[in-house]
Amino acid sequence: MAIEGLGWEGIGAWPGYRGVGVQAWELLSTAALAPQICVVGSGPAGFYTAQHLLKHHRLARVDIYEKLPVPFGLVRFGVAPDHPEVKNVINTFTQTAHSDRCAYYGNVTIGKDVMVKELQRAYHAVVLSYGAEDNQILGIPGENLSTVYSARAFVGWYNGLPENRDLKPDLSSETAVVLGQGNVALDVARVLLSPLDILRTDITEGSLAAIACSKVKRVWLVGRRGPLQVAFTIKVKLIYVPRPRKRLTELMIKSALEKPGEKEAARWASATKEWGLKFQRSPLEVLPAADGKQARGIRMAVTRLEGSGESARAVPTGEVEELECRLILSSIGYRSLPLDSSIPFDPKLGIIPNSLGRVQGAPGLYCSGWVKRGPTGVIITTMNDSFDTAQSVLEDLQMGVLNLSNSKEGFKSVRSILHSRGVHPVTFSDWEKIDAAEVARGKLAGKPREKIVDPQEMLQLISH
């Protein structure tokens, strides 16, 4: 069964927010000192948190810290190149960064260049929004063979994430297996199989050249459970869609059972590439090739489902199946890591323990996005989640939980720490110079943008 045309940017509903009255804020704004707030991470969670704080508190100042020189996190490094419209949120984030009460400081690694405790001394509130920078492991024999890659690293490679720029994936196999059936798995399959013209947006030139030489003709997306439990979402607009799971199931059934018309049949007959979904298969072992270095296939347990709906469990039947392939991509989820030892962290869930974004046992410390709730949902989910955390900060300001009578120096204090440690922060105007250079390089290559993938080159460009 092969199913075409399902996108990744499905969304949820727009919830109501816990409100703080305008009059109350006017009294607070005129009677209190301006709160100094910092946000760690410049992806969607960080920028949406900052946006809500700036909109709903007239005096709040928000500084956004990012370990890379360039902002926007997974919007820049995680969105597939054939979905450029999803990156339009960058325009909103840029408006936030241009506020005279907001500042961006890239090239600063929190937990190394500056510790969280030091941020807490410099700011009234610290919001951790740094996302998930690791991936879940399969935990099976053979997953460390050279032709087995995490989908996270593969996505980072074609999107120009500096840490993945030297990946050089082996694309010489005709069959690729993606373990997982979420939005990232679909992104990977499309990038491996799509015509180059569709990909020629902000994908890096090096990865585009490698994909042009790819021998991959077939991609299987493998999942432990059935079609009713797939994790990918339908492509919809920013409105509420009733019963999205039912709609998704209907689309899959229609695609699988409907007989194609003449034109469609002709197109299928002439297709040179294909992809499909394999349900109720759980990976047991990556099988090594004769050289003991590469993969030659994967052994999977055939499963049956216990229970129903999204809570159904996959249970091995005792039957085993092998699938021949050399290229294997693991797409079973991202994972957050602790920033430094002073922050509460639940290693099992991969989140910072919190209540509505308030970090447990740490007054003045907050979290939003994936590090708050786990690596699930899409951009609109993160927006709603981040607004909710920002609202917690605003409530704590109003109720006096955050003491504004203690003056905080904000970045002035942090700047002296960075200077003493030889760290040179990148401002948003610096980023705009990098941005202009990337757009200019892209124009020469016939693309909207050619990303600079070396942080040192970025810093040299802005004379740091």
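Glycine too: its Cβ is placed from the backbone N, Cα and C atoms.
Pulled from TrEMBL:
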| type | residues | note |
| --- | --- | --- |
| BINDING | A45, E66, L74, I110, W370, G377, V378, I379 | FAD binding site |
| BINDING | Q181, G182, N183, V184, R224, R225, G377 | NADP(+) binding site |
| DOMAIN | 36-192 | domain 'FAD/NAD(P)-binding' |
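For W370 (FAD binding site), applying a Cβ distance below 8 Å and a minimum sequence separation of six or more within one chain yields A45, G131, A132, Y334, S336, T376, T382. Among the listed binding-site residues, namely A45, I110, V184, V378, the Cβ with the most fellow Cβ atoms inside 10 Å is that of A45. Taking the C-alpha positions, the distance from I379 (FAD binding site) to R224 (NADP(+) binding site) comes to 26 Å.
When the binding-site residues E66, I110, V378 are compared by Cα distance to Q181 (NADP(+) binding site), the shortest distance belongs to V378.
For the binding site of NADP(+), formed by Q181, G182, N183, V184, R224, R225, G377 according to the record, the largest Cα to Cα distance is 20 Å, rounded to a whole number. V378 (FAD binding site) sits 9 Å from N183 (NADP(+) binding site), counting Cα to Cα. Ranked by CA distance from E66 (FAD binding site), the binding-site residues G182, V184, R224 have V184 at the top as the closest. A Cα-Cα distance of 20 Å separates R224 (NADP(+) binding site) from G377 (FAD binding site).
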